[in-house]
Amino acid sequence: MAQSITFLYSILIILISLQSSNAIFLNSLFSTQDGSNLCNADKCELKSNWSHQAVCDYVNCNDDACEGGGYLLWTQYVECAPNTTSRVFIIIAAVLYMLLLFLMVSSAADDYFSPSISSIVAHLRISESVAGVTFMAFGNGAPDVFGSIASVLSSPTPKADLALGELFGGGLFVTTMVVSTIILTSPFDVEVFSTIRDLLFYLVALSFLGFCFIFYNRVTLWMPLTFLGLYLLYVLTVIGAQYYHNRKRKAIQQQNSVKSRASRRSRKSLHSVAPMPVIPEIEVQEQSVPFPEISVVTGAIDKLKEHMTEKAQERPVRRYTKRPSFLVNGEGHLNHLHPYAKQNHLGTSRRQSELSNEDEEFVVIHGQVYQGHEARSRAASLVPEPRKISSWRNFDVLTDLAEHLDPRPDAEDWEEMNIFSKVLSYINVGPNFLFKLTIPLNEQSWSKPLTLIHAFTCPAFLLFSLQFFLKSPFSGSPGLWLYGLAVSIVIAALLIFFTELGVQPKYYKEIYSYAGFIMSIAWIYLISSEVVNVVTMLGVVSRVSHEVLGLTILAWSNSIGDLIADVSVVKQGYPRMAMAAAIGGPLFNLLMGFGLPFTIAKLQGKYISMTINPTYRLLILFLAISLLATLIGIPVQKFRLQRPHAAVLISIYIAFIVFVLLSETGVLVWN
């Protein structure tokens with residue numbers, strides 16, 4: 001194990017060193033030529049009359065402007081290719097690589113990031129209304145938000161146009177095409193308050209950003225801070241509405257309880273033969289956190305243990321290492337055994353929540369809905385018992401490690417997949433193995449060998465993903481990789497001396513939840529940075545603006561997943577929940593995707609231009625039209641969205657694409 005860890009560190013150091021030395025050599029080469037004054041350009045602008053060598057030298061010298069900030073420098077690979085055939089093959093490889101990255105970011109968000117968030121919410125006992133607009137929204141919008149962060153922060157030259165193009169383009173696609181698909185799948189009655197609230201906040205944020213574009217030519221610190229403040233106001237609005245709703249619901253429940261007791265007393269008085277002694281009623285105080293009764297949870301745990309034993313007997317070849325869980329509704333009743341963190345039947349509590357006006361948090365994982373109490377019970381469920389291993393010399397150590405690192409889906413999941421999903425699972429085997437090697441997963445049972453590996457891989461990969469691996473904290477100091485290695489050795493020593501092979505530590509699940517949360521963020525940020533690299537290369541090669549690339553490639557790639565997930569949610573019987581995600585999701589992405597990275601960039605002293613070009617005008621205009629169309633269409637259709645409204649939204653998006661094409665080709669000229 002020690003040799004493999006040393007080999008891993010050596011590979012990382014060699015890769016980063018080669019990249020740095022190559023950049024230094026190429027910059028020095030370009031500085032000896034006549035065009036050296038073109039170094040350190042703000043934008044990557046290639047001239048048509050340049051020679052192949054001049055273009056290659058320019059791209060090498062301006063890697064901050066011509067690259068996205070990741071490790072693979074695709075623009076240099078393409079522009080410095082020796083011939084056209086190599087150039088075409090490199091572009092095709094880059095596109096395929098980008099498609100793989102889209103699959104990886106979806107898997108990292110669904111399989112690792114969201115479970116960690118659910119466990120953190122359950123551990124901190126955060127109220128449902130707060131979790132719904134913070135942690136759960138962050139879990140659903142992680143690819144979009146981190147894509148914006150990577151566009152702005154991954155390179156010294158912020159690619160704000162790429163980030164804004166993705167945020168605007170994704171918002172327009174979701175609020176038109178996704179919403180129209182939801183309506184076409186199943187017309188539904190709108191949840192009036194939350195939908196209108198989200199639409200109004202979205203319009204306010206969009207209007208403020210349009211105001212900034214009109215009157216300012218650069219981003220200043222107060223602009224993204226205003227967006228963060230608007231997000232805070234949105235959170236407070238949701239909390240206030242939830243508080244009012246809970247008070248109203250409790251009052252109704254108390255009123256119904258009084259009527260029920262009075263009815264029982266009247267029936268007893270009518271049918272009683274002799275007067276019965278009056279028994280004083282015991283008032284039961286409701287707990288602040290709606291957790292189920294102990295007897296219900298105990299019964300669920302017993303059933304889970306029986307279920308795990310049956311699984312172990314049925315499939316002795318492949319051990320049951322993933323945790324099962326149970327679902328408990330708001331009243332504390334056991335709804336359904338949840339053996340593979342999936343729900344195949346509609347629970348009573350979910351139907352009741354869909355018909356209520358309650359703003360409850362939910363997360364969608366692989367098209368499956370997890371609502372507030374379900375996400376909590378899933379996060380609070382049992383972790384499978386670790387394998388009983390008595391000694392390191394036992395062969396079971398390797399068997400246990402192999403089971404935990406197995407990247408294949410479970411047999412039950414495999415049987416339920418269609419052909420397309422099975423193909424994606426095969427493609428995702430390699431990335432999933434890397435995820436399991438570097439991301440602690442709180443749904444798996446305790447494995448001391450794997451935890452020791454995580455002690456070394458997690459600090460190393462965290463530094464690698466942030467590009468801090470070789471950076472020195474001060475002059476004359478070794479790289480941060482050496483400090484990370486020292487931290488890993490300390491953690492490994494603590495694990496060796498204070499944990500046992502076959503006994504799960506006390507705070508194993510909590511520690512793995514927070515560690516998994518951090519490492520999931522590291523992976524999503526790294527993947528997003530590599531996506532920005534590929535998209536930047538496509539823009540340089542095709543001479544298409546970053547705004548157009550953002551509103552097409554990035555926006556469509558991130559929104560297709562939303563489309564599939566929301567349609568799945570509708571088919572499960574939750575059209576209003578899908579509508580909430582289609583409006584609230586892009587709103588969260590815009591507020592946090594602009595507020596967070598641009599605030600950090602301004603605190604770092606970066607200059608970010610803000611020019612209202614034709615593409616931005618069209619994006620803001622048509623996004624506002626789509627939001628206003630839904631806002632006006634809700635009362636016009638008597639609070640029931642029907643298929644004619646879907647046709648209107650589709651027409652808006654088609655008109656937007658036509659206007660963008662006319663603008664980019666020069667047919668439509670703006671004054």
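Using N, Cα and C of the backbone, Cβ positions are placed for all residues, glycine too.
Feature annotations, reproduced from TrEMBL:
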type	residues	note
DOMAIN	96-239	domain 'Sodium/calcium exchanger membrane region'
DOMAIN	513-661	domain 'Sodium/calcium exchanger membrane region'
SIGNAL	1-23	signal peptide
TRANSMEM	88-109	transmembrane segment
TRANSMEM	130-155	transmembrane segment
TRANSMEM	167-187	transmembrane segment
TRANSMEM	199-216	transmembrane segment
TRANSMEM	222-244	transmembrane segment
TRANSMEM	450-469	transmembrane segment
TRANSMEM	481-499	transmembrane segment
TRANSMEM	511-528	transmembrane segment
TRANSMEM	548-565	transmembrane segment
TRANSMEM	577-596	transmembrane segment
TRANSMEM	616-634	transmembrane segment
TRANSMEM	646-670	transmembrane segment
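Proximity of distant same-chain residues to the transmembrane segment (450-469), defined by a Cβ-Cβ separation under 8 Å and at least 6 residues beyond the stretch ends, is recorded for 1, 5, 8-9, 12-13, 16, 71, 400-401, 404-405, 437-440, 479-481, 484-485, 487-488, 491-492, 495-496, 499, 515, 518-519, 522-523, 525-526. The transmembrane segment (167-187) makes no contact with the transmembrane segment (481-499), as judged by fewer than three Cβ pairs under 8 Å among residues 6 or more apart in sequence. If you look at the transmembrane segment (222-244) against the transmembrane segment (481-499), you find fewer than three C-beta pairs under 8 angstroms, all six or more positions apart, and that falls short of contact. Shown for the domain 'Sodium/calcium exchanger membrane region' (513-661): DSSP residue counts in helix, strand and coil, namely 127 helix, 3 strand, 19 coil.
Among residues of the same chain six or more beyond the transmembrane segment (646-670), those with a C-beta under 8 A of the stretch's C-beta atoms are 172-173, 175-177, 179-181, 183-184, 544-545, 548, 551, 614-615, 617-619, 622, 625-626, 629-630, 633.
The residues of the domain 'Sodium/calcium exchanger membrane region' (96-239), classed with DSSP into helix (H, G, I), strand (E, B) and coil, number 121 helix, 3 strand, 20 coil.
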